Amino acid sequence: MFAAPATMLVLAALAALSSAIPAAQTASKCSTGPVQCCDSVEHHTQPHVNNLLLGLEHFGLVKGLVGGLTGNVGIKCNPILLSSNDCTAQSVCCEHVHFKGNIAVGCTPANIDIL
């Protein structure tokens, strides 16, 4: 009964947060996995980001994200492969990636060289 509204809420929130942030292009590895190229990276305390995460928890789509969360949240992220350096947004290292990269938490700027 609530699945459709939950999906609509998540999609609307992701659409609202989608904005490209120019950054250096790179292809490397983080200690937590591959470097992610995210359309948007914002601090978890931003009201719209916090509301998105609370909504995901409320509908049972993720658990325990908000309580212990620190740092930044990446929106619409894709891993950057070693054979590619096609990131025209922000390159970050993230601790956990959810929903095939649509939400990534614990993100920090990738401290890497341009290849």
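Yeah, the Cβs are placed from backbone N, Cα and C, and that goes for glycine too.
According to Swiss-Prot, the feature signal peptide maps to 1-20, an assignment based on sequence analysis.
If you look up Swiss-Prot, you'll see Cys30-Cys93 (among others) marked as disulfide bond, on the strength of similarity to another entry. Counted within 10 Å of its Cβ, the other Cβ atoms near Cys93 (disulfide bond) come to 22, all protein chains included.
Annotation source Swiss-Prot lists disulfide bond at Cys37-Cys87 (among others), citing similarity to another entry. In sequence order, Cys77, Asn78, Pro79, Ile80, Asp86, Cys87, Thr88, Ala89, Gln90, Ser91 are the residues near Cys37 (disulfide bond), counting only same-chain partners six or more apart with C-beta under 8 A.
In this view, Cys38 (disulfide bond) is surrounded by 29 other Cβ atoms within 10 Å of its Cβ, with every protein chain counted. As annotated by Swiss-Prot, disulfide bond applies to Cys38-Cys77 (among others).
In sequence order, Cys30, Thr32, Gly33, Gln36, Cys38, Gly74, Cys77, Ala104, Val105, Gly106, Cys107, Thr108 make up the list of same-chain residues 6 or more apart from Cys94 (disulfide bond) whose Cβ falls under 8 Å from its Cβ. The disulfide bond annotation in Swiss-Prot covers Cys94-Cys107 (among others).
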How many other Cβ atoms are found within 10 Å of the Cβ atom of Cys87 (disulfide bond), counting all protein chains shown?
21
Cys77 (disulfide bond), number of other Cβ atoms within 10 Å:
28
Least surrounded among the disulfide-bonded residues, given as Cys30, Cys107, when other CB atoms within 10 Å are counted:
Cys30
